[in-house]
Structure formats: C-alpha cells, structure tokens
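**Student:** Just dropping this structure here.
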Amino acid sequence: MFRNALLVAWPSILESFLVALVGLIDTVMVSSLGSFAIAAVGLTTQPKFICLAVFISLNVAVSALVARRRGENNRESANSILVQALIITMILTVVISIAAVVFADPIIRLAGSKADTHEYAVSYFRIISGGMVFNVISMVINAAQRGAGNTKIAMRTNLVSNGVNIVFNYLLIGGNFGFPKLGVAGAAIATVIGTVFACGMSIFSVLKRDRFLSLRSVKKIGFDRRSLGALADLGSSTLAEQIFLRIGFLTYAIIVANLGTNAFAAHQVGMNIMSISFSFGDGLSVAAVALVGRSLGEKRQDLAKIYGAVCQRMGLAFSIILCAVYVTCGGLIFQLFSNDTEILDYGMMIMDMIAVIVFMQITQVIYSGCLRGGGDTKFVALVSLISVAFFRPFSGWLFCYPLGMGLTGAWIGLAIDQFCRLAMTFFRFKSGKWTKHNI
C-alpha cells in the first residue's frame, strides 16, 4: 500500500517542489533589482491566479474524473473528458487573456500597487497574461495525466519548463551573454518561454496511441452530455472554491501591501518559502486524488480511506523535516533574498510562524485532495468560503491594524486560516461521506 502511494506520489512531490524552488530562485534573481522588484512581482500573484481560477477548477475536475474512469477501465470516456476540457480551455483562454492584457493597469492598482511598484507590476502581468495559452494547455493535459496515475509525465514537463525559465531569467533579467537587460519584464518573458516548452512536451505526451490517454484514439471531437455534465458539476464547485480562495488571498494581500514596500517584500519572500512546504502537501494531494479516485472507481471505499491515511503519514514526515530546517536555518534562508535590516527582522518572525504553520498546511492540503478525489468538491468550496474568504482576511486585518501588530498580525491571521481548514477537512475525512459521491 505504502509502495503504491509512493510510486504515484514521488513524481508529483518532486514536480511541486521544483515549481516552488524555481519560484524561490525567481525571487532571488529579481531581488538583485531591489525590494521594489520583489514587491512588484508579488503584486501580480493573486490577479494571475484569479485569471487562472477557471482553469484550475477545470483541471481538478479533469483529474478526479480521469482517475475514476481509470478505475473503471473506461479509456474512451477518459479521452473524451480530456478533449472536451481542451476545447473549453482554448475558448476561455482567448477571452481571459485579452481582458487581462487590456485591463492590467486597473487590476494591478486594485491589487494594492504603490508608485514605486505599479509600472513594473503592470508590465510583468501583461506579459504573463499574453502567454497564458501555453500555460493552460499544459495544465489541463498534465491534470489528466496525473489523474491517470502518469505523474512522471507532468514532472518531466515541469522540470524542463523550470530549467528553461531559470536560464532565460539569467539571460534577460541582468542582460548576460549579449541579451538585453529587461529586469522585471525579463523575468516574465523567461516564464512564458518556459511554458512554451512545457506545452509542447504535454501535447506530445498524448499523441501516442498505446497510452491510456491518447488524442489519436479519439474518434469524435465534440461534446457529449455525460462527460460535459460531470465536468460542469465538479468544475463549478471547484470554481466556487477558487473564487473564494482568490477573493480571500487578494483581500489579504491588499491588507499586507498597505503596510509598505519593505513589509510586503518580506511577506512575499515568506510566501515563496512557504510554497516549498505547500509543494510537498500538493504533491501528496495529487497522489491522493489519483489513488482515491481509482479506488472508488473500483468500488473499494476501504482502499480509498487507507490511501488517504498513508498519504497523511508521509505528509507528517515531511512536516517534521521542514520544521527542523525552518527553525535552524530560517535566518540564513532569508538572507538569500535581502540584506535590508528591516526585511531581515521581519524574516525572523515569518520563519518562526512558517515552522508552526507547516504542520497544519500539509495536513489540510492532503485531506482536501482526498475529498476532491472522492468528488466532494462542494464541501472543499465551503471550506474555502468560510476559512479563506472570511477568517484569513478578517483575522489578518484585526491583528494587523486594530490590534496594532503589523506584519506579525497578518501572519497570525494566516495561521488561523490554516487551522480552520485543517479542522473542517479532518472531520469531513473521518466522516467517510466523501466516498459516497457518484461522478
């Protein structure tokens, strides 16, 4: 049981870790331009994910449905789901990408930009949004591959994409080897170039006839009622979750941005570091979706629960290791990003908070993956509404401003959010209700 979980999980864990690591390296490279550059790139994070919300929700549905069809050994339906998801993705990308490019200025202003960050953030956001099509195509194909248990394919595409991203970061941010010095815009262009490579590899992975997922095996391109209905049912719940998440995250980010450029830069570095711990939980969550979905497709509710518990034990082991690293090396890690005394002072507080949060974060992410794998996406959306859209921004604002705790208060709010999500997903998992959905 543990071996099966590990075989599916390790590529996803490595993939998520590498994505988070590249995010850290991105921040280190951009930090050479100054704290304003870190803040500018950080300001685009939530608007970017708001644009991607519909695609992320669609991908969660695709992954859960393909996993269930794999358990049912229904290859035709799995490929039909993939094709329909790709068609929907292409249509929506055109609309969302154009809107993001055209309205970048007011979007970034709403996100909390200041005079010293606005121009750079708008430029970065426009470039990322313009190249969105390559990213979302890769996302939907990789989501289907993960659902089918082919986590190594998604890992390889992201490994290459991230490598290309780092190389072009070096060439374009500082203008090395004769390339133009583009600063923050160079980081955005490097990211888009990386997604082009990932897109090509993802498409190639579904062109082989002998694979469970193969576009060549599709006899009819179009929509069928069953697959479209399943995508709409799961996707709508996950879209609601994403909307609640992004409203909460954006409101919270605006609260922190109003503390000033240095405070927000330190916060952004902390969020990037915390993404490392999230990557382990996310990788195990991906494995949980695939293993739980497949087990329920085989009518084995007992196996679904066991796989969920196995993923949790693996998550606990990673949490202990990461906590030890954050406690012993937190200050050194933060010094990679800045030598500013104020930012480093913030950094020590942030690293202590992350060392505690990591246990709650990884655990709740894995439980959420189990629930999604069972098709219990409405409950996960409810959790996001209550905890992320309400508790995080409200408690962050309360501790930050009325109680006068500044950035420390904002991170206390984040910890409260993680605890609430952990409590709600834990009790739902233990109830077993998530195993009874037909999708």
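Using N, Cα and C of the backbone, Cβ positions are placed for all residues, glycine too.
Source: prediction; values computed, not measured.
According to TrEMBL, the protein has these features:
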- 12-41: transmembrane segment (TRANSMEM)
- 47-67: transmembrane segment (TRANSMEM)
- 79-103: transmembrane segment (TRANSMEM)
- 123-141: transmembrane segment (TRANSMEM)
- 153-173: transmembrane segment (TRANSMEM)
- 185-207: transmembrane segment (TRANSMEM)
- 243-265: transmembrane segment (TRANSMEM)
- 271-293: transmembrane segment (TRANSMEM)
- 314-337: transmembrane segment (TRANSMEM)
- 343-367: transmembrane segment (TRANSMEM)
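Describe the structural context of each listed feature in the structure shown, including burial, neighbouring residues and relevant distances.
**Tutor:** For the transmembrane segment (47-67), the list of distant contacts is 78, 81-82, 85, 88-89, 92-93, 96-97, 100, 107-108, 111, 125, 128-129, 132, 135-136, 139-140, 142-144, 146-149, 213, 227, 230-231, 233-239, 241-243, 245-246, 249-250, 286, 289-294, 297, 372-373, 375, 377, 439: same-chain residues at least six beyond its ends, Cβ to Cβ under 8 Å.
Counting residues 6+ beyond its ends, the transmembrane segment (153-173) has Cβ neighbours under 8 Å at 11-12, 14-15, 18-19, 21-22, 25-26, 29-30, 32-33, 138, 142, 145-146, 179-187, 189-191, 193-195, 197-198, 201-202, 205 in the same chain.
Within its own chain, the transmembrane segment (243-265) has Cβ neighbours under 8 Å at 35-36, 38-39, 42-43, 45-47, 49-50, 53, 110-114, 116-117, 338, 340, 342-343, 346, 381, 384-385, 387-390, 392-393, 396-397, 400-401, 406-407, 410, 413-414, 417, counting only residues six or more beyond its boundaries.
If one looks beyond the transmembrane segment (271-293) by at least 6 residues along the same chain, the residues whose Cβ comes under 8 Å of a Cβ in the stretch are 4-5, 8-10, 12-17, 19-21, 23-24, 27, 42, 45, 60, 63-68, 70-71, 146-149, 151, 304, 307-308, 311, 314-315, 318-319, 322, 326, 333-334, 350-351, 354, 357-358, 361-366, 368-370, 372-374.
Sequence-distant contacts of the transmembrane segment (314-337), counting only residues of its own chain at least 6 positions beyond either end whose CB sits under 8 Å from a CB of the stretch, comprise 5-6, 9, 27-28, 31, 38, 269, 273, 276-277, 280-281, 284, 343-344, 347-348, 350-352, 354-356, 358-359, 362-363, 365-366.
With a threshold of 8 Å between CB atoms, the same-chain residues lying at least 6 positions outside the transmembrane segment (343-367) that come near it are 35, 262-263, 265-267, 269-270, 273-274, 277-278, 280-282, 284-285, 288, 308, 311-312, 315-316, 318-319, 322-323, 326-327, 330-331, 333-335, 337, 407-408, 411-412, 414-415, 418-419, 421-422, 425-426, 428-429.
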**Student:** Taking 12-41, 123-141, 185-207 as candidates, which has the most Cβ pairs under 8 Å with the transmembrane segment (79-103)?
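**Tutor:** Most Cβ pairs under 8 Å with the transmembrane segment (79-103) come from 123-141.
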**Student:** Restricting to the same chain and to residues at least six past its boundaries, which positions have a Cβ under 8 Å from a Cβ of the transmembrane segment (123-141)?
**Tutor:** 40-41, 44, 47-48, 51-52, 55-56, 58-59, 62, 82, 85-86, 89-90, 93-94, 96-97, 100-101, 104, 107-108, 157, 161, 184-185, 187-189, 191-192, 195-196, 198-199, 201-203, 205-206
